[in-house]
Every structure is written in C-alpha cells, then in structure tokens.
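Participant: Okay, so Swiss-Prot annotates it like this:
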REGION    1-22  region 'Disordered'
REGION    5-194  region 'Large ATPase domain (RuvB-L)'
COMPBIAS  9-22  compositional bias 'Low complexity'
BINDING   L33, R34, G75, K78, T79, T80, E141, D142, Y143, R184, Y194, R231  ATP binding site
BINDING   T79  Mg(2+) binding site
REGION    195-265  region 'Small ATPAse domain (RuvB-S)'
REGION    268-354  region 'Head domain (RuvB-H)'
BINDING   R323, R328  DNA binding site
Amino acid sequence: MTLQTDDFAPAPARRVVSAAPASPQEQAIERALRPKLLQEYVGQVKAREQLEIFIGAARQRGEALDHVLLFGPPGLGKTTLSHIIAAELGVNLRQTSGPVLEKPKDLAALLTNLENRDVLFIDEIHRLSPVVEEILYPALEDYQIDIMIGEGPAARSIKLDLQPFTLVGATTRAGMLTNPLRDRFGIVARLEFYSAQELARIVKRSAGLLGVPMDDAGGLEIARRSRGTPRIANRLLRRVRDYTQVKADGHITKDIAERALAMLDVDPEGLDVMDRKLLEAVIHRFDGGPVGLDNIAASIGEETGTIEDVIEPYLIQQGFLQRTPRGRIATQAAFRHLGIAAAPGAQAPGLFAV
C-alpha cells in the first residue's frame, strides 16, 4: 500500500506553453540560442531602433548609457537585451534579481565592484525591498552610495563614490514600480508580443543553431502556436525536434510539426489543456459567464493566482475571455474555437492570427 501526504504531493506538471522562467537545463539551452548583437535580434523594432541610437551615442562619447527599464510579459527577451546592451557597449555585465538583494549590503557589494560603464542587470526589479531601493536612488543619480559603519551610538554614515554604470531593470509588472524608481530610468522600452512571422524567423535561426533541418512551413506552424513568445517557440521547436528524430526522418515539415504539437495538446491557436479546461468550465458550468474568479478556481482545481497570472492573460489577449466588473465571460471566439453553439456578442480576432 502506498501512502501519500501533502508534504510529498507531486509538483504540478510544467506547461509546455508556459512563458515562466526556464529550468536550469533550459536556461543553458536558451543562452546558446540567444542573439549576441542587436543586428541578430529579431522583432521589437521600436525598442531595437531606440537602443541602437542611444548605445551608439553613448559609445561615441565614451559615457555610460542612461539607465534602461525593460518591461513586458515573460519570455519576450528582456534578459537577452540586457546581454546585448553590454556586448554592444563592450563592457562587463553583472546580473542579479530583486528578490536576491535582501539587504543594502548585498546591493552595495555589487555596485562597488562595477567598473567604468559596466552594466548591472536586475531582473524582477519590482521586487526590490524598500530599504534596498533607497540605497539605489543616489547610486543612479550621482553614482554614490551612503553606507552605515558601526552600530548604535557609534554608527556613522560614509559616502562612497562609484564608477559610472548603467542599470538595466527588467519587470513583468511595471505598475508595481514606485514612482521615484521609475523616474530614474532615462530609457524605457516596452516589449510587445511577437507576430507569427517574427517568431518563424526566430525558430528558423534556432533550428540552424541546433542543426535541425526544417521547412519554412514547419517553422511557421511552430511559430503560430507559440503564443507570441520566443521562449515558448524555442521550447516547442526542441520538442518537435525530438518527435521527428524518433517518429520520422529528423526533418521538420508542416505535417510533422502539426502531429508533434497535437501530441503535446497544443492546438492551432496555441491553447493547451489547461486553457481549454478553463474555457469549457466557464461555458458549460456557468453558461458562458459572467462568473467570479473563485468559482472558476474551484471548478477546475487551480489557485486564483495561477489563473489570474498564468492562464488568463493569453486567453484575454486572444479574445477568448473577457474580464468584466461582474466576472469572466467566454466570448463568441471561445465558443467557435471549442465547436460549441456561439453565444451572442462578437469579439475581435486574436492578436497572432495569420
């Protein structure tokens, strides 16, 4: 007899279409596929053009680039851009994240070790603690930090000069940044979801680096189901590569991509089992809505935070779900996609339709 307690409950399976940060093994693969320079970077045309100008000007003057804030959904290339910025400037990159910097001394140790014009990348910068953020303000404005020496009545503050540097902050939740911190970034770039055509170019480049022969149609099929996100596109490419290696001749065609992605339960709109489960619950159990988030969570056995932060955003962006003051409503597009008699009220087509 097998006994199982909550302490040893299996972790939930990772969704193949999740844009969440990758596992360590996947991060290593991502680094190998990452473009190194702006000319290799696909998509984000506006942000790329702005950075080309600002980086070029800073390089010509021999100055540190203004501090850069990159924000947008996960998996769109914020970390990649931070590496590219450092490479284009020809300087070192130091990388950390907001939750890691628990105390002022953690940040001070990083800042005092930066060389002239170096880049400091802080991921999840919205999660900096207030006390650490206070230390950062004078560092960003004046390249100085105040640190406390000693304790009690003998404690005193000393000012340390820093080398001019560039902070690149990345966040998926720009609204959670405090106004004082946001105002200290001279360059702000929003990263948008990619079109299927842009993702097809990324998939083609990645396939070449992985040594996988692939038709353009096969690459486009992977791109169409990648939810506008390069991280997902590269993950699906690797899974399709595995499929064709075992089930076919190693060459990715449109037919092979379709069969592999069907096996992974990723449909032509990029929806997986969990997406469809949510839509079906709203339609079948709650007559299409409106229905509250707590009721949806109870009906599909997921936490409200997971639904709100992980599942819902893509369904809303694609026009399958509508968030209203009275609750969630399944749109006509959702009824059509699931092959159910459509409810009244047409919605706009999805963002990534080809």
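In case you wondered, yes, glycine gets a Cβ from its N, Cα and C as well.
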Participant: Looking at ATP and its recorded binding residues L33, R34, G75, K78, T79, T80, E141, D142, Y143, R184, Y194, R231, figure out the farthest C-alpha pair and report it in angstrom, whole number.
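Facilitator: That value is 37 Å for the farthest Cα pair.
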Participant: Between R323, R328, which of the binding-site residues has the fewest other CB atoms within 10 angstroms in the structure shown?
Facilitator: R323
Participant: Quick one: what's DSSP say for R323 (DNA binding site), helix, strand or coil?
Facilitator: strand
Participant: Using a 10 Å cut-off on Cβ-Cβ distances across all protein chains shown, tell me which of the binding-site residues (Y143, Y194) has the largest neighbour count.
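Facilitator: Neighbour-count leader: Y194.
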Participant: Looking only at Cβ atoms, how many others are within 10 Å of the one on E141 (ATP binding site)?
Facilitator: 10
Participant: Using DSSP with the three-state reduction, classify R328 (DNA binding site) as helix, strand or coil.
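Facilitator: Assignment for R328 (DNA binding site) reads strand.
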Participant: Which number gives the other C-beta atoms within 10 angstroms of the C-beta of L33 (ATP binding site), all protein chains shown included?
Facilitator: 17
